[in-house]
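Enquirer: One structure, pasted below without further comment.
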Amino acid sequence: MSALLKSGSLKTRIIWAVVLILMCLAPLISTEFRLSLLAKFLALAILAIGLDLIWGYGGVLSLGHGVFFGLGGYAMAMYLKLQASGTSLPDFMGWSGLSGLPWFWEPFRSFPVALILGIALPALLAFVLGWFTFRNRITGVYFTILTQALVLITVTLFIGKQEWTGGTNGITGYNSIFGFTLHSAGTTIVLYYITLAILVLTYLLCRRIVNSRFGQVLEASRDGENRVRFLGYDPAGYKTLTFALSGALAGIAGMLFVLQVGIISPSMMGIVPSIEMVLWVALGGRGTLIGAVIGAVVLNAAKTGISEAYPEGWLFVLGGLFVTVVLFMPHGLVGVYRNVVRLLKRRGEVVHVPVSKEKPEVY
Amino acid sequence: MDMFVLQMFNGLSISSILLLIALGLAVTFGLMNVINMAHGELIMIGAYATYVTQNLFISYAPAAWFEVYFIVALPIAFGVAALIGWLLEVILIRHLYGRPLDSLLATWGVGMMLQQLARTIFGAPNVGVSSPSWLNGGLAISDGIVFPYKRIFIIALVAVVLLCMYLYIYRTSSGRRMRAVMQNRSMAGCLGISTRRVDGMTFAIGSGIAGIAGCALTLIGPIGPSLGTYYIVDAFMVVVLGGVGKLVGTVCGALGIGMFNTLFETYTSASIGKVLVFVCIVAFLQWKPRGLVAMRTRSLD
């Protein structure tokens, strides 16, 4: 947190401090239900930061983050389910006629191993896919379509292998971790603080990456991949690593999400959720890490509100947002904010206005 | 042996449907570099157009005419989908040329709204379309092998559409203009071709073909608001595998994916089969990153 406070102008620093203090005080002023919702949004914001890293800075649009999110979620859910089942077999395996625990479920008995696998599996999958595609210079639209196919087959696989994954229902029926009930007031507050801390750490880490030499090469290969290659860099390596990191962050988000919601199913990693994740980043403003966080929280809050009031309307709103953001707000909410600030300054006849760093169009 | 022949026939029939869907995508993607995610919804529109035509025939036409409603529904589905596609191009797509990823997101939003619209108009549950009686039954090749007429009809339909496309693209002057724009937009514009009009026209044709695909899908099963989503990703894989810009690539891509999918599914399970097909596609792209048949170019990127 001190690193956050050290950066930028005095005004930014003050804003950061106020926001952080408000976030820390949230448990005091909000109800348990609202707090758990907020914690869920913050968990999703971790994923959004990762997605922004590969899309906003790497110029690679992934529609497959639902898979990485799901892998993390399933890893955590498998651990919780095994704890809940004790020595007996998880109930859905019994219904599907399995007599013994499949071998790959065994590692998930231990919490640290489940934790590591929940981060490593999505990262590895992302790394492998990135390795095979970026190395062959399959980028842009082709890569996007491949990631979408990845989502499709993963969902088919998870639904098809019902005896291993719980099928369409997913993994449900667990409500405690280390003996604490997931939905009790105390656990909710602890989970909220854990999520908030991980989010802040993720943000700091990613901002460090973007400002480093690594991030600069990444951004350069987004804007002119061939030139970067001619300068002797290997853009594929940078993109692959970023994609793997992005997958790992999605896995972490999935694990936190399961702790807060208490269920994971294939419908949470499908094509529609995956593309919704992209909209979080697009609405907030891609290429600005804070935009990803804002987008994720705002859009999910809106989704909760609209779905409660008018369930049919959500798809119209979502679809309309896609069109509006792409056509009129290419830099998202952050871009709108910057434009407004610039406009106000110009109107006040400030002598010299430093033009904010414009991002070129990402194709 | 019987089993194998039947599987091959099934594979061919799946390939032909994939081809019909991918054809429209290949045209818009190749010509304008636009990813149209609403293509699946244009398929759905074609299917619902068929459904509405059927209901109109049942309500207003003499009972004897019902047998031919499907033939009438084909041009109607084409027309409705083409009109909506053209409107989509005029209102939205033409602001997104040269930005494939943005066009992907925006058209996906449009697709979502169209889906919800269909859900509001026709209701969320699937509706059934009864096919004319002359398409029921099948052609018995031998004791164990029966080819359903419906599937034969679809294969024939796809062949006809493909032939029409070929004739249009390679034998008419407006098709020549289309190819000219595809190969070098600015040069074609310099020589007096209205690229705007060609774009609109091409998009309408691609959408119309989606409508025909929707019409054909009513023969296979019930139709619902999310009909198109089932096929859209597979169809895009066909385009990626086949390479952009040539009809023959799309045909090969569709045949390859359809056949391998059926084969793998026969010898493993449906879910494993899909995984194998995906792995094969990624492996194939290692060898030919631009797809089976790609336009030769010397430009960078």
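Cβ from N, Cα, C; glycine included.
Sharing the record's features from TrEMBL:
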TRANSMEM  B:12-35  transmembrane segment
TRANSMEM  B:42-62  transmembrane segment
TRANSMEM  B:68-92  transmembrane segment
TRANSMEM  B:152-170  transmembrane segment
TRANSMEM  B:203-223  transmembrane segment
TRANSMEM  B:235-260  transmembrane segment
TRANSMEM  B:267-287  transmembrane segment
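Each of the listed features needs to be described in terms of its position in the shown structure.
Expert: If you look at the transmembrane segment (B:12-35), the same-chain residues 6 or more away from its ends with a CB under 8 A from one of its CBs are 42-43, 93, 96-98, 100-101, 103-104, 107, 151, 154-155, 157-159, 161-162, 165, 178, 181-182, 199, 202-203, 205-210, 212-213, 216-217, 220, 231-232, 234-236, 238-239, 242, 244-247, 249-251, 253-255, 257-259, 261-262.
For the transmembrane segment (B:68-92), the list of distant contacts is 38, 42-43, 45-47, 49-50, 53-54, 57, 61, 106-107, 110, 131-132, 135, 157, 199-200, 203-212, 214-215: same-chain residues at least six beyond its ends, Cβ to Cβ under 8 Å.
Away from its own ends, the transmembrane segment (B:203-223) comes close to residues 17, 20-21, 23-25, 27-28, 32, 34, 36, 39, 42-51, 70, 73-74, 77-86, 88-89, 93, 126-129, 131, 135, 150, 153-154, 157-158, 161, 165, 168, 231 of its chain (Cβ-Cβ under 8 Å, at least six residues beyond either end).
Same-chain residues lying 6 or more positions outside the transmembrane segment (B:235-260) and placing a CB less than 8 Å from one of its CB atoms are 8, 11-12, 14-19, 21-23, 25-26, 29-30, 35, 39, 162, 165-166, 169, 182, 276-278, 280-281, 284-285, 288, 290-295.
Sequence-distant neighbours of the transmembrane segment (B:267-287) (same chain, 6+ residues past either end, Cβ-Cβ under 8 Å): 237, 240-241, 257, 260-261.
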Enquirer: In terms of Cβ proximity under 8 Å, which residues at least six beyond the ends of the transmembrane segment (B:152-170) contact it?
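Expert: Result: 12-13, 16-17, 19-20, 23, 27, 74, 135, 139, 178-179, 205, 209, 212, 216, 219-220, 247, 251.
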